[in-house]
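Participant: First the structure, then my questions, so here it is.
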Amino acid sequence: MTLAKNQKSSLSRLYKKVSSKRSESSRNLEDESRTSSNSSGSSSLNVNELRTVFDYMDANSDGKISGEELQSCVSLLGGALSSREVEEVVKTSDVDGDGFIDFEEFLKLMEGEDGSDEERRKELKEAFGMYVMEGEEFITAASLRRTLSRLGESCTVDACKVMIRGFDQNDDGVLSFDEFVLMMR
């Protein structure tokens, strides 16, 4: 696994972990603000969630993530970054050259503006391929059930149809790669 991939996946896991630990009251406040806001509401909700993750990582609350703070958070997730790797992560993410990752730099990193969009798309293509039956170009309820079964999850075809329906934008009963990408966001 490359350093960029390791960095991105560790930060993504941290993002999910911290986001899932938000209190119910925070969720209710966000739901209310999302309901009352315009179309940019979903975007600002994402920024709010990223702010929560950033604040969690910024242990000393100085508005910046240091190499030590980054290393500590990755360690909490069961990952490991050497001092050299941490230095490289900070160096590649640190646009203003102050030796830290500020919130704007963190946003760019998490939104894929660090040049890793192609890598992310390639990873998603590989994951998509796991769910697709040979010779097909989409995920069907049967192929989803088969893959989930191989992963130890039992699920009926009808339940898989319901899962697919949630992300099937053109109502054709299957998931295309683009629909899969939306689902994985």
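Every residue gets a Cβ built from N, Cα and C, even glycine.
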Participant: According to Swiss-Prot, Asp94, Asp96, Asp98 bind Ca(2+) 2; so which of Glu87, Glu105 is the extra one listed there?
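Facilitator: Looking at Glu87, Glu105, the one Swiss-Prot places in the Ca(2+) 2 site next to Asp94, Asp96, Asp98 is Glu105.
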Participant: Using a Cβ-Cβ cut-off of under 8 Å, list the residues of the same chain that are 6+ residues beyond the ends of the domain 'EF-hand 4' (155-185) and lie near it.
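Facilitator: Same-chain contacts beyond the ends: 121, 124-125, 127-128, 131, 137-142, 144-145, 148-149.
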Participant: Counting each residue once, how many in the domain 'EF-hand 2' (81-116) are helix, strand and coil under DSSP?
Facilitator: 19 helix, 2 strand, 15 coil
Participant: Between the Cα atoms of Glu105 (Ca(2+) 2 binding site) and Asn170 (Ca(2+) 3 binding site), what distance do you get, rounded to the nearest Å?
Facilitator: 36
Participant: Have a look around Asp168 (Ca(2+) 3 binding site) and count the other CB atoms within 10 A of its CB, chains all included.
Facilitator: 18
Participant: Rounded to a whole angstrom, what is the C-alpha distance between Asn60 (Ca(2+) 1 binding site) and Asp94 (Ca(2+) 2 binding site)?
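Facilitator: Their Cα atoms are separated by 18 Å.
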Participant: If you measure from the Cα of Asp98 (Ca(2+) 2 binding site), which of the binding-site residues Lys64, Glu69, Asp168 is the nearest?
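Facilitator: Minimum Cα distance from Asp98 (Ca(2+) 2 binding site) across Lys64, Glu69, Asp168 lands on Lys64.
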